[in-house]
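K.L.:
Pasting a structure below so you can have a look.
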Amino acid sequence: MAKLLTIHGGKPLTGEVTVRGAKNLVPKAMVAALLGNSPSVLRNIPEIKDVDVVSSLLEIHGVSVEWDKETGRITMDPAGVKSALTAEIDAHAGDSRIPILFCGPLMHAIGEAFIPDLGGCKIGDRPIDYHLAVLRNFGAVVDKRPGGISISAPKGLHGAKLELPYPSVGATEQVLLTAVKAEGITELKGAAVEPEIHDLIAVLQKMGAIITVQTDRTIRIEGVSEMRGYNHIALPDRNESASWASAALATRGDIYVRGAEQRDLTAFLNTYRKIGGEFDVVDDGIRFWHAGGDLNPLVLETDVHPGFMTDWQQPLVVALTQAKGVSIVHETVYENRFGFTDALVRMGASIQLHRECLGSVPCRFGQRNFLHSAVISGPTPLHGVEFDIPDLRGGFSHLIAALTAEGTSTATGLEIINRGYEHFMAKLEGLGADVELTERDR
Ligand code: EPU
């Protein structure tokens, strides 16, 4: 049986939602628990799929994992860490992108790792060449096999001088999780410096790591031979916060996002204000609302931190379909992150995609065959359609668009949303959305 979501749109979303720990930090901090010689405790855990996947991968490697969903607290004890059966690891093929980050910690713990084929959203090619290159520089031997990669360090892992061609979040995390216990000093130039990276560094420092972040995207790590467990509260999910903020704007609603953190949303809040959205930062969250009247169009470029994050782009594009005038969005992080606009166009939006870099700076995707700039003209009334949720952020955008639209929409593929938005249906209902989940034959 497949789940079918029926959405009756045209009603502002109003009320309160709570965001918990960031999807793009929590699973990685869980992987770090493998580096300790005593149990680690991570708090503020959201109920999302990546947490299930990483819990299971830790467990099949002998780590005991206790997840108290009531309090959102996970305790991980690596005392019994051991090799796992390839078949058990393989059961997670295609589930998530996080398994690639097990390489360093598993090599430190048991001398080898088998990593299943990765999953994650289809928003571009998403290669792992940077990951494999840095691992080889640490002294790892990588063997690509059908169904995954096998990796080992017969001569141990040693610090290295590294430089990333692009400030990749995942590759920076790969370096951190490997270098902290590699012998000697690692210097990484061109590192990503997203808030989730800083939170992972905080976790590793609690465990005993010595890590320095310089202002020029250089990170220096002095390897240590022993690390202990940590106790940490995960930073809140800024991408979920920005998604609900965009939902408030598109539906002309008013949403208090408990847990939203201003410090990690600076670029988003500036943009929100320029479009005509209102917000009020209070002690334990941020209230976002549509102030009435027309929204303003704008020219926007996604970028690595501290720029406007790529994950904020899709939900905000829905609000831009309701702005008066022409907006331009240049996506510079992923080459293929505008596929979701097809469904918006079917709903009545006016969006043209272009191969050219329609931004202030040419990006890596210019002069190639990627439709990575969007021109959005508004305001356009939207109407209900049938759609299948394509990926996490694109899917959220479709759902906001359906809630903005007059009439009824139906959506399949809701399980993708649960990868990054915990208790999604309950939150929608709490905000007054007219939605209904039913089962139907495939
Ligand atoms: N890249 C390579 N080779 C590599 C690694 C990355 O070419 O080996 C390229 C990618 O193809 C992409 C760019 O570098 O064009 C940036 O990718 P990055 O490695 O930074 O992304 P990621 O670590 O795979 C994380 C988040 C994404 C978020 C990006 C950018 C997680 C699990 N995922 O992905 O989140 O968009 O950083 O900030 O942390 C989402 O939450 O919906 C999501 C996709």
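Each position is counted from 1, following the chain as shown.
Every residue gets a Cβ built from N, Cα and C, even glycine.
So TrEMBL says this about it:
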| type | residues | note |
| --- | --- | --- |
| DOMAIN | 8-428 | domain 'Enolpyruvate transferase' |
| BINDING | K23, N24 | phosphoenolpyruvate binding site |
| BINDING | R97, D311, V333 | UDP-N-acetyl-alpha-D-glucosamine binding site |
| ACT_SITE | C121 | active site, proton donor |
| MOD_RES | C121 | 2-(S-cysteinyl)pyruvic acid O-phosphothioketal |
K.L.:
Once the DSSP letters are reduced so that anything not helix or strand counts as coil, what is V333 (UDP-N-acetyl-alpha-D-glucosamine binding site)?
P.N.:
coil
K.L.:
Find the longest CA to CA distance in the recorded UDP-N-acetyl-alpha-D-glucosamine-binding set R97, D311, V333; express it in Å as a whole number.
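P.N.:
With R97, D311, V333 as the binding residues for UDP-N-acetyl-alpha-D-glucosamine, the largest Cα distance is 17 Å.
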K.L.:
Quick one: of C121, V333, which of the recorded positions has the smallest count of other CB atoms within 10 A?
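P.N.:
Output over recorded positions C121, V333: least Cβ neighbours within 10 Å is C121.
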K.L.:
So of all those binding-site residues, K23, N24, R97, D311, V333, which one's Cα sits nearest to C121 (active site, proton donor)?
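P.N.:
For C121 (active site, proton donor), the spatially nearest of the binding-site residues is R97.
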K.L.:
State the count of C-beta atoms found within 10 angstroms of the C-beta of D311 (UDP-N-acetyl-alpha-D-glucosamine binding site), not counting that atom itself.
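P.N.:
D311 (UDP-N-acetyl-alpha-D-glucosamine binding site): 25 neighbouring Cβ atoms within 10 Å.
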